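Student: According to TrEMBL, the feature region 'Disordered' maps to 1-24. Per TrEMBL, the feature domain 'P-type ATPase N-terminal' maps to 47-111. TrEMBL lists 143-203 with the feature domain 'P-type ATPase A'. Here TrEMBL flags 306-330, 350-376, 914-934, 954-975, 996-1015, 1030-1049, 1061-1083, 1095-1119 as transmembrane segment. What TrEMBL lists as active site, 4-aspartylphosphate intermediate is Asp425. What TrEMBL lists as domain 'P-type ATPase C-terminal' is 883-1133.
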Amino acid sequence: MSGGGGWERIRSTRGGRLSRETSLTGRTARTVRLGRVQPQAPGYRTIFCNDREANLPVRFKGNSISTTKYNFLTFLPKGLFEQFRRVANCYFLLISILSMTPISPVNPVTNVVPLSLVLFVSLIKEAFEDWKRLQNDMVINNNPVDVLHDQVWETIPWKKLQVGDIVRIKQDGFFPADLLFLASTNADGVCYIETSNLDGETNLKIRKAVERTWDYLTPEKAVEFKGEVQCEQPNNSLYTFTGNLIIENQTLPLSPNQLLLRGCSLRNTEYIVGAVIFTGHETKVMMNSMNVPSKRSTLERKLDKLILALFGTLFGMCLVGAIGSGIFISSDYYYLELQRGVGLEFNPSSRFSVAILTLFTLITLYSTIIPISLYVSIEMIKFIQCAQFINKDLHMYHVETNTPALARTSNLNEELGQVEYIFSDKTGTLTRNLMEFFKCSIGGEVYGTGFTEIERGGAQRMGAKIQEAQRSPHAVHEKGFNFDDSRIMRGAWRNESNPDVCKEFFRCLAICHTVLTEGDESPDKITYQAASPDEAALVTAAKNFGFFFYRRTPTMIYVRESHVEKMGNITDVPYEILNVLEFNSTRKRQSVVCRYADGRLVLYCKGADTVIYERLADGNNELKKITREHLEQFGSAGLRTLCLAYKDLNPETYESWNEKFIQAKSSLRDREKKLDEVAELIEKDLILIGATAIEDKLQEGVPACIETLAKAGIKIWVLTGDKMETAINIAYACNLINNDMKQFIISSETDAIREVEEKGDQVEIARFMKEVVKEELKRCLEEAQHSMCTVSGPKLTLVIDGKCLMYALDPSLRVMLLNLSLNCSSVVCCRVSPLQKAQVTSLVKKGARKITLSIGDGANDVSMIQAAHIGVGISGMEGMQAVMASDFAIAQFRFLTDLLLVHGRWSYLRICKVITYFFYKNLTFTLTQFWFTFHTGFSGQRFYDDWFQSLYNVIFTALPVIIVGLFDKDVSAALSKKYPELYKEGIKNMFFKWRVVWTWAFFSVYQSLVFYHFVTISGTSGKNLSGRMFGLWDVSTMAFTCVVITVNLRLLMMCNSITRWHYISVGGSILAWFVFILIYSLLRVSPFVEENVYYVIYVLMGTFYFYLTIILVPIVALLGDFIYQGVERWFFPYDYQVVQEMHRNDPEDNSRAGLLEIGNRLTPQEERSYAIAQLPRELSKHTGFAFDSPGYESFFAAQLGVHAPQKAWDVARRASMRGKPKPSKKH
């Protein structure tokens, strides 16, 4: 592979390459002497294939990939940096530093130990996650690959691969880097690849090598290949590639058809040979390893405000103490001996210095007001909520596809309980994305009988009855085809008035596509691999009409045509495919130029009606009008429509156009744009053939789900690329729109707009459209506001199409659109692009400041999913890209009911309680120290022992609050769904308002006063067994005992449901305090223990006052809370409290006991699914191959002996199992 030949070739080709570089970049490339390779031009890279030495000076990146966040040297500094990005941790670091200074009244261990513990736990978690990433990286980097070396295939690990190497990939193998496809064992240099790791699609794609390289298949021939590749610089565009292959002074254009991307796998091909183009982190998939936007919940942002309020409270308390200290300090107190030889902090002659130093002293003393364990506790609660409850909920498990729900992040659990707006895709989300050819229009005649679900639903609303047509006894119903009309089936089309048009219609279906065939070449056994279910349905329809597409090569399509010449006659007809103008979201159409056996040149085109109608030849207006009516009729029935057209081509015209096409295809810059421009030149003056109508049925349970969510106060918007009629009818079928609603329709399909569009002046069209949209928005908004003023006005719904939406999103009209939309209970946006979906979502998220959720199943929904507060992906038929970009993944739309109304509500309620309880218990504890300051001349004397203060948050009050965060439940899951109105409390944020916080603060002040004054009063009158008064440490130990007992009992009072875990955690926490103090009081002197509390607890337990105090003080302290809760429940109840009273006598729901053992109720198949679900999950945003895999279940499954079924997106299983023995099956 290496040698002097590369250098000789560089010297010999320098002149030729210089001229090429000049033409490509527009400027002269600088020549470097001493025989070195010339510098790479910024716009492209030059690669010498099969010559490592020639590529060496360029220093291309290696093929080793690393998805870890840290390495051995950076772990500690980077990990600590990540932790100290949290303001609270910085605060505790500052407090820890202050506690080490002479002005601190507390031992440094008081603050250092809790902070160290929190940091240690967080770093251990980070290290564990990074270790799992490293393991996966090692598996992937060490996969074997065959590389050409000295005329033999040598096996090396992936990580040693270099740019320019020639590699061999065998069937079912993964491509280790981005490869230029050179040769294949298949005829005509084609191979089949599966891209499921990129986009989740399991449909096979075809790739074709440049004909000039087909011979380089054996190592003897491949070693002769010395090509030079000039291509684009590494980028993240998966579906584009521009480059040229220069071989023996011949320049050949390269396209995405010759590029094999890392992470894809080879199918139906013995092996292929390729040249490495991009390696490691420069491969397209690795450049697409997108970091999903970091999302923080609204509640977490409000928590930051609460922490700031606590900072303010802390500073206020310290300021009061500092001012008091400055006033109190005086030499008049002779017994304090402050006259001479005292430090600056107690010098009466410098009161300002005393106040300043006291301020810092009190900051360290009152530091416990900010709960250090709050963040750790919340993270732990959220993680367990996801891993144990959401991921293992049987109500969200889809048996048919063996798909459980998946929480891909634990940051947004409580956000699920506050969603007000849902933005939903239609196809594959509300519908099943299982397409069936249902009806068609050919030459102005409608064919196909039967009624869609939407037509039935519409008739039911109108009270009409549908007369179902009798199905023909010979009617065919297979996957993708549900059509019945004897007029054109089994050759009967020959008897129609327009047989030639029928023939063109069927040929268009059979030829104009990119479908691949698999299996036997017989109608019953063949399988079609299509890029979309629609395309497969159209080819299946052609087969059933007698035009059976059975074989494809890169240049030919073979169709078995029946009944063409005469009835019963079957002929195999080859069609030469000259050009394919591919479908994309901008073109919205697909064309094929083909040559018949008799030399006839035809362009067949299919696409969206709006696009095809713009390109039709003049005349034949009657057919256009009738077909448009048919399209509207199909759309009203909820069917997906496409228009079909064709055009006979003149050979001279075609040759002239083809030259431009080849030139555009060879362009290195703006290739896609130039190809689109060239396509426009030939896709005109088309002749309309007809239209197809495909049914996409609604998912199970969608109407009931939408009705339930609407009752919960959630507004649902449907954002779809379908026609307005289709979208409206789907909305009717989903219960999103009904006849009682007032509809506002803003459409670009009006006569006035069409008239302006026909003139073709783009500036005038834009001006006129904007003016029309402005007037429509203004009119609708006025009507909406008038309707809202009436007491019993109807609900409102807005329907707007993509063209109008483009102008409505203009900054000058955006506010008007937002105000109108917010007054509507449902909105339907049709004909919208992926970008517009994201813009609409952002409009509500940022403009209305409402909590939004986007749900979709396709790659076109990714931007919308990432734009919303919460993104939900449906693991459906359109691949896994939506799931990869989402925060939560579910298998069916109807599972949103459980995700939001059950898990969302519970999570919101629990997290609110956890935060407010933390706030309460820390404020209560700190205020007792604050009241003590008034009795000590504001000197900063501590009331509690240092270890009491350190362990208060970490041990004595830690576990109960976590149990509440996990198990508290106001009403059961069934009642949450029965009374969806309960969800509105979350939308209004009823449980985390400032009123709630101030109520807790009031009772904190009350309880702290009770603790301090009741205990100190009993201390002054009480005496121990020796007849002495209680000292400071006696009183403070008694007060601390009361605090621990009270705050733990207060937690039980706030619980809606109490389980054995509550009793164990509360009882255990109180018991832990007594065990600790009994042992601690026996310790005398050590570096970690002061003698303050030596034997104190034993002295206290020998007195009557101690027992009286720990019984009476908690009762008095909790009396206020008890009265308040009683009055609130009786006179001002929350909605959930009303439901509790209504169902208080219902039998106890025992499902709680089974929450952690849910697998016991499963079938064997479900048990296996949940065994896999319970394996460790990797929630990293980086993977070895594609964007973001939902987890490495199979990697761990193999290690634990659990059989994991094949998943399209499961990268790590395939990578890690190569060359390893399969786990033995258990019978």
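Cβ atoms are placed via backbone N, Cα and C, with glycine included.
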Student: Using a Cβ-Cβ cut-off of under 8 Å, list the residues of the same chain that are 6+ residues beyond the ends of the transmembrane segment (1061-1083) and lie near it.
Tutor: 947, 951, 955-960, 962-964, 966-967, 1037, 1040-1041, 1044-1045, 1048-1049, 1051-1052, 1055, 1089, 1093-1098
Student: With Cβ distances under 8 Å as the criterion, find the stretch in 350-376, 954-975, 996-1015, 1030-1049 that has the most pairs with the transmembrane segment (914-934).
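Tutor: Stretch with maximum Cβ contacts: 996-1015.
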Student: Taking the Cβ of the residue listed as 'active site, 4-aspartylphosphate intermediate' as centre, how many other Cβ atoms lie within 10 Å?
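Tutor: So the number of other Cβ atoms within 10 Å of the residue listed as 'active site, 4-aspartylphosphate intermediate' is 28.
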Student: Do we see three or more Cβ pairs under 8 Å linking the transmembrane segment (954-975) and the transmembrane segment (1095-1119), pairs being at least 6 apart in sequence?
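Tutor: Output no: the transmembrane segment (954-975) is apart from the transmembrane segment (1095-1119).
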Student: Which sequence positions outside the transmembrane segment (306-330), separated from its termini by at least 6 residues, show Cβ-Cβ distances below 8 Å to it?
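Tutor: Residues 87-88, 91, 338, 346-348, 351-352, 354-356, 358-359, 362-363, 366-367, 369-370, 915, 919, 923, 926, 930, 933-934, 937-940, 997.
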Student: Run through the domain 'P-type ATPase N-terminal' (47-111) and tell me, per DSSP, how many residues are helix, strand and coil.
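Tutor: Residue counts for the domain 'P-type ATPase N-terminal' (47-111) by secondary structure: 32 helix, 2 strand, 31 coil.
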Student: By DSSP, how many residues in the domain 'P-type ATPase A' (143-203) are helix, how many strand, and how many coil?
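Tutor: Computed counts for the domain 'P-type ATPase A' (143-203) are 10 helix, 30 strand, 21 coil.
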